[in-house]
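What follows is a single structure, written as structure tokens, with notes after it.
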Amino acid sequence: MGKLVALTVLGASLALLGERLLNFRERVSTSREIKPTEPQNCHLIEGLENGSEDIDILPSGLAFISTGLKYPGMPSFAPDKPGRIFLMDLNEPYPKAQALEISDGFDQDSLNPHGISTFIDKDNTVYLYAVNHPHMDSTVEIFKFEEQPRSLVHLKTIKHELFESVNDIVVLGPEQFYATRDHYFTSHFLVLLEMILDPHWTSVLFYSPKEVKVVAQGFSSANGITVSLDQKYVYVADVTAKNIHIMKKHNNWDLTPVKVIQLGTLVDNLTVDPATGDILAGCHPNPMKLLIYNPEDPPGSEVLRIQDPLSDNPRVSTLYSNNGSVLQGSTVASVYHKKMLIGTIFHKALYCEL
């Protein structure tokens, strides 16, 4: 009887694993054909060669870019170089990327920046918040931006026991922000198992000096996060579920679900067009090529625009798509006055005029 029970349990476990493997294969399918779509006047940005995972543009047109991310399972073209924060002034006729110096006292060799977000205080001081993975840990670094000379002053490192596998961040007040956890586990083996079994254990966190709490959960892999222009709604990308969750923000910072927009492609970082309120999504049309990188058959890039996301019928259109011949592994797109920057996990960055 004991052997029969053991065999039954083993058989059920293998059947479940087989079903989950098929589901995983479907979620990271490489079967999609990419129809090239490119605005006029696009060119690669000189100096950004090792990723540009996230981009945040100030109302003034200054764009902050996080580069050099080393992420488990992803390629890296400069594994021994620390990450950097770059700046571009999109008001210039020919914007160039400038690496920002960081004040003494911060271990720049440990900088491994992921998602970033800016906050402008009442006195117009600009603060940059960056998810950092020093030694594959997760922290949030707070910097003050200095206009003259353009540089960053490190103010604070935020750590918390809930800050595991943090991906992206959106800041809504002084030391008040939402952050996403893209995995529940942190060890490579358990992360792989989590990706296959897909238990939907990832979440959105809220942080303030007074409290840290989980405000939304049940995502396959919570990734990019941003807010509507009126800051009443929070947009969360569930990357492996291929959708965007729209959530209502309450006075106590809790989030409640409103709707889900299905996109049929893996959704990474999100930004909002300041002129229209449209969502821009950096996407991965063939993610298996990210996991198994072949420079002869690289992963493609895709940027989607979601118009009227709060309406009953949001309109989804493609702003940019490429099979990897120009841009590989797009993660983010951000716009300012008809100028668009597209970033990637480990590859280059693109400047386009819309």
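Here the Cβ of each residue, glycine as well, is placed from N, Cα and C on the backbone.
Cβ neighbour count for H114 (active site, proton acceptor) (all protein chains, 10 Å cutoff from its Cβ): 25. In the three-state DSSP reading, H114 (active site, proton acceptor) counts as strand. Among the features that Swiss-Prot reports, active site, proton acceptor is placed at H114.
According to Swiss-Prot, the Ca(2+) 1 binding site annotation covers E53, N167, N223, D268, N269. Mapped onto three states, the DSSP output places N269 (Ca(2+) 1 binding site) in strand.
Residues near D54 (Ca(2+) 2 binding site) in space but far in sequence (CB under 8 A, at least 6 apart, same chain), listed by position: I65, S66, P113, H114, G115, I116, D168, N269, T331, V332, G343. In the three-state DSSP reading, D54 (Ca(2+) 2 binding site) counts as strand. Among the features that Swiss-Prot reports, Ca(2+) 2 binding site is placed at D54, I116, D168, with the record citing similarity to another entry.
Swiss-Prot lists C42-C352 with the feature disulfide bond, giving similarity to another entry as the kind of evidence. DSSP assigns C42 (disulfide bond) to coil, not to a helix or a strand.
Residues or ranges marked as N-linked glycosylation site in Swiss-Prot: N50 (among others). Using a 10 Å radius centred on the Cβ of N50 (N-linked glycosylation site) and all shown protein chains, the other Cβ atoms total 21.
The N-linked glycosylation site annotation in Swiss-Prot covers N269 (among others), and the record cites sequence analysis as its basis. Neighbour count (other Cβ atoms within 10 Å of the Cβ, all protein chains): 29 for N269 (Ca(2+) 1 binding site).
The N-linked glycosylation site annotation in Swiss-Prot covers N323 (among others), and the record cites sequence analysis as its basis. Within 10 Å of the C-beta of N323 (N-linked glycosylation site) there are 19 other C-beta atoms, taking all protein chains into account. The secondary structure of N323 (N-linked glycosylation site), as reduced to three states from DSSP, is coil rather than helix or strand.
The phosphoserine feature in Swiss-Prot is assigned to S165. Sequence-distant neighbours of S165 (phosphoserine) (same chain, six or more apart, CB under 8 Å from its CB) are S138, R181, D182, H183, Y184, F185, T186, V191, listed in sequence order.
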CB-centroid shell, 8 A cutoff, Ca(2+) 1 site E53, N167, N223, D268, N269, site residues removed: D54, H114, G115, D168, D182, G224, A237, V239, G282, T331, V332
Candidates C42, N50, N323, C352 (recorded positions) - the one closest to N223 (Ca(2+) 1 binding site) by CA: N50
Additional residues surrounding Ca(2+) 2, by Cβ distance to the D54, I116, D168 centre under 8 Å: E53, I55, D56, S66, P113, H114, G115, S117, A130, V131, I169, G224, N269, V332
Surrounding CB atoms that lie within 10 Å of the CB of E53 (Ca(2+) 1 binding site), all protein chains: 30
Integer Cα-Cα distance in angstrom, D268 (Ca(2+) 1 binding site) to N50 (N-linked glycosylation site): 18
Recorded positions clustered about E53 (Ca(2+) 1 binding site) [Cα within 10 Å; pool: C42, N323, C352]: none
